[in-house]
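Annotated features, as they stand in Swiss-Prot:
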- 3, 6, 15, 21: [4Fe-4S] cluster binding site (BINDING)
- 236, 260, 304, 395, 423, 448, 483, 485: hybrid [4Fe-2O-2S] cluster binding site (BINDING)
- 395: cysteine persulfide (MOD_RES)
């Protein structure tokens, strides 16, 4: 295997035997093959799309299977093999529908169009099959950005929201990574287009979530426990949460969020459930100790799952695109619903959660809530009560170097406000940083996709101050990345013209020196260093 798609890539180069994440080499190799099959599906669906014959089954397999290859999402060999089998079936179905003359002669077809279940095992389809370092780097940057795009499009899709242009771009991008006639300049263009489409998919998901569940509102979220047995839900999927809450109401079972599900506590639609108890624990990487102490069943809805300990292995379930060998999987029924009876019955026989902490933390400051007090914020900036906004969005991770973000938040002057989204928030959202005239010094917009809210807030503030360039606002960016959703968010920010981003805790292993130079020259991206040095740069 060779995998360097996440921030934990071994020695900032790549994992070659097993992943630091826990992914086995055999699964990594299968995921490489799956990705190549999705490129083949995309080749034919693009041809079909030109004729109005494209299939939604192709769009769905690309979203689902692409998402399954994200870091910490699907470790199940059989699930990946099933995606490969289904991909070939859909590919062949599309191919059979194409009118004669649509395709080149068989001998002129590219390899990606001729791949079969029989010959794919002997093909070199891994990252290093691309020899040119810069082409390889740009193909990876594009691929990982599109993985994030597929994940967000998947979340919107299950709520009934889709955008054909996003499907089309993902297919175009996947096929482009197999075309040796597409050089560095064109790949840079595709990477930038990926960022533009990233803004579109973030806006689509924001619309899907808010139109379905209401706009998040400032909420004091309980982080303690109650005396009832509970079910813990982790990941990002709000539809799974809705169904779980509906099925557990009146049962005496409480439901707690974990990790990136924390922002669900701020959506109006979920507040009607008396058994929605609050948030338990912290970011994904602490799940081993926290799931162990929860005592009840745990539902993993999307990334991020890590190899479970034996102590709770008999009470952790996967659903959706998540998979881990040996764990029970809750499948979606034909009508789109899921039956969580097995979790509910197990919860009834479980002890209540062990308390980890107590009190509340504030959330729910997405763009609508933040902009509802825009006048107050603008006045605070004009009077000097707020000197700067610090965007500290992104991902958390287990490396000790990430303590930097806690220390950075502590060291910020008292007249600065942190804007955050994603699980990076757990490094500082429980610090007592106070408020500025009633405005909390940590404004949490939500999940990683809610970085879109931070962009909307910045754009509206720029309008209010009469600025044409959001880089002229008193806003700085200290972004923490971990996986491929964060890659897309970064590309989306760049496509909007955001410059001077500090990125950490390490730069992506897949970015070559020449590609990094392009990012530095055009956007002034730089790696984080020390709290003291970065504070000087970011506070201007």
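Each residue's number is its place along the chain shown, starting with 1.
Placed from the backbone N, Cα and C atoms, the Cβ positions cover glycine too.
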Environment of 3, 6, 15, 21, the listed [4Fe-4S] cluster site - residues of the same chain whose CB lies within 8 A of the CB centroid: 4, 5, 8, 9, 10, 14, 19, 20, 23, 28, 71
Among 236, 485, the most crowded of the binding-site residues [Cβ within 10 Å]: 485
Candidate with sparsest Cβ neighbourhood (10 Å radius) among 260, 483, the listed binding-site residues: 483
CB-centroid shell, 8 A cutoff, hybrid [4Fe-2O-2S] cluster site 236, 260, 304, 395, 423, 448, 483, 485, site residues removed: 259, 284, 303, 422, 447, 482, 486
Candidates 6, 15, 21: member of the binding-site residues with the richest Cβ shell (10 Å): 6
Assigned element (helix, strand, coil) containing residue 236 (hybrid [4Fe-2O-2S] cluster binding site), judged by DSSP: coil
Residue 483 (hybrid [4Fe-2O-2S] cluster binding site) versus binding-site residues 3, 6, 15, 21 - nearest by Cα: 6
Candidates 3, 6, 15, 21 (binding-site residues) - the one closest to residue 485 (hybrid [4Fe-2O-2S] cluster binding site) by CA: 6
Spatial neighbour of residue 395 (hybrid [4Fe-2O-2S] cluster binding site) that is closest, considering only the binding-site residues 3, 6, 15, 21 and their CA atoms: 6
Collapsed DSSP category at residue 21 ([4Fe-4S] cluster binding site): coil
Cβ-Cβ distance under 8 Å to residue 304 (hybrid [4Fe-2O-2S] cluster binding site), same chain, at least six residues away: 71, 72, 73, 234, 235, 259, 260, 284, 285, 287, 483
